[in-house]
Every structure is written in C-alpha cells, then in structure tokens.
Amino acid sequence: MVKSHIGSWLLVLFVATWSDIGFCKKRPKPGGGWNTGGSRYPGQGSPGGNRYPPQGGGGWGQPHGGGWGQPHGGGWGQPHGGGWGQPHGGGGWGQGGGSHGQWGKPSKPKTNMKHVAGAAAAGAVVGGLGGYMLGSAMSRPLIHFGNDYEDRYYRENMYRYPNQVYYKPVDQYSNQNNFVHDCVNITVKQHTVTTTTKGENFTETDMKIMERVVEQMCVTQYQRESEAYYQRGASAILFSPPPVILLISLLILLIVG
C-alpha cells in the first residue's frame with residue numbers, strides 16, 4: 001500500500017514538473033496571421049520608409065499613392081520618390097540615405113550555441129551577412145499575378161529568380177511578419193547585387209515578380225523553421241534531468257512493487 005501511494009505521488013510530481021517546464025519554455029509568437037493588425041510587415045523597421053514593398057495609399061498600378069509603376073510616390077522606376085533604381089529620393093539601392101544602403105554594414109551577430117546547433121540542421125551560416133543562414137533549395141511557387149502578361153513573364157523567366165532564401169532563427173523574431181519582412185529584404189538585395197555583378201540587370205517587372213516569389217518562399221521557410229524549433233524544444237523538455245529522473249524512479253518503483 002505504501003509503495004502504491006509513493007508511486008502515485010511520484011507520477012503526479014512528474015506530470016506537474018514536465019508541464020511547468022513546457023509552459024515556461026520560450027516560443028516564437030506566430031503573430032496571428034499574415035499582415036493582420038498592429039505593427040506588421042510590410043514596412044516594419046524601415047528607417048527610410050522605402051523597404052519592400054513600397055508604401056503609400058495606392059494599390060497595384062494606381063496613378064497616385066506609391067503603387068507599382070506610378071508617376072508619383074514611391075513606386076518602381078519613378079523619377080521622384082524612394083523606389084527601386086530612382087535618380088532622386090532617399091530609398092534606392094546604393095544611396096546613402098535609404099534603408100537598402102545600410103545592408104553594407106550588418107550588425108555583429110551574437111554567439112549563441114542554440115542557434116549554431118539549429119543552423120547545422122537547417123542550413124549553413126552565411127559569412128559576411130550578419131549571421132543569416134541560407135535555406136535549402138525550393139521549387140519556385142506557382143503564383144498568379146492578376147494579368148496574363150505577368151503570369152507568362154514569370155513562367156518564362158522564373159529561372160532568373162532565387163530558389164533559396166536568407167533568414168535568421170525564428171526565435172529572434174516576435175512573429176511571422178517580422179521574419180518574412182527581414183527574409184524578403186535580405187534575399188532580394190543579395191540576389192540583385194549578385195546578379196547585377198554578373199552583368200545581368202533586372203527590369204521593373206522582374207523586381208515586382210521576384211519580391212512576390214521570395215515572399216512566398218520566406219513564408220514557407222518560416223513554417224519549416226517553426227516546426228523544427230518546436231520539435232527541438234519538445235525533445236529538450238522530455239529528456240531534461242528532472243523529468244527523466246522522476247520517470248526512472250517511477251518505473252523502478254512499479255517494477256519492484
């Protein structure tokens with residue numbers, strides 16, 4: 001009878017300890033979905049206001065407000081504003097005042113053994129990119145852009161766009177939107193610079209399509225990394241010292257009894 005009571009108390013203590021550790025473990029916040037409320041992607045953390053995608057009140061192809069291909073605002077190829085490749089404004093590639101010009105000075109990454117272990121499983125840490133990792137190759141997503149010309153252009157030129165993305169561990173971000181925002185910016189920037197160095201230039205249509213493609217790939221990468229992060233956390237909880245010792249003690253009592 002005494003052994004039975006001891007075994008029962010040990011079982012209760014084991015379950016309570018395991019549950020307490022599980023609830024206390026840090027997890028990244030999913031953010032409640034794509035672009036829903038609060039300080040969300042796009043445009044988050046943009047000191048120059050011109051990160052992907054361009055900001056403004058207008059939608060795709062509108063004549064005012066910062067949409068794609070507009071004559072005024074922050075769209076692609078504009079003579080004024082902060083879009084890609086503009087002769088005026090503070091947000092273009094390589095310009096001193098824009099947000100993209102700051103990529104040349106990545107912040108010094110902090111050493112974290114958990115991140116290094118995660119990198120070994122997910123991808124190699126890329127040197128010179130502030131601790132970013134390069135994900136595994138993906139099949140380029142099937143995307144419809146709303147018109148036949150862009151759909152056909154994407155099918156014919158998809159090989160020109162990246163099939164891997166750069167990212168940091170998910171536990172460095174508060175939600176999915178922040179992860180995707182950072183992932184899109186660094187991946188597009190790195191691919192554009194590398195390709196331009198080889199003598200190949202991108203058109204306005206290329207840039208629009210590439211960002212949509214990379215965005216979808218970054219969402220997929222976040223989902224993969226989140227799942228792997230939770231699995232690693234569950235394994236660490238299960239095999240941490242207190243639960244293991246209690247479980248072994250309980251099994252010994254049950255066998256002896």
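Using N, Cα and C of the backbone, Cβ positions are placed for all residues, glycine too.
Sequence-distant neighbours of CYS183 (disulfide bond) (same chain, 6+ apart, CB under 8 A from its CB) are VAL165, TYR166, TYR167, VAL214, CYS218, GLN221, TYR222. Following the DSSP three-state reduction, the secondary structure of CYS183 (disulfide bond) is helix. Taken from Swiss-Prot, the feature disulfide bond covers CYS183-CYS218.
The N-linked glycosylation site annotation in Swiss-Prot covers ASN185 (among others).
In this chain, no residue six or more apart from ASN201 (N-linked glycosylation site) has a CB-CB distance below 8 Å. According to Swiss-Prot, the feature N-linked glycosylation site maps to ASN201 (among others), an assignment based on sequence analysis.
Here the region 'Interaction with ADGRG6' (25-41) has a mean pLDDT of 45 out of 100. Residues or ranges marked as region 'Interaction with ADGRG6' in Swiss-Prot: 25-41.
Per Swiss-Prot, repeat '4' is recorded for 79-86.
According to Swiss-Prot, the repeat '5' annotation covers 87-95.
Among the features that Swiss-Prot reports, signal peptide is placed at 1-24.
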ASN201 (N-linked glycosylation site) - helix vs strand vs coil (DSSP)
coil
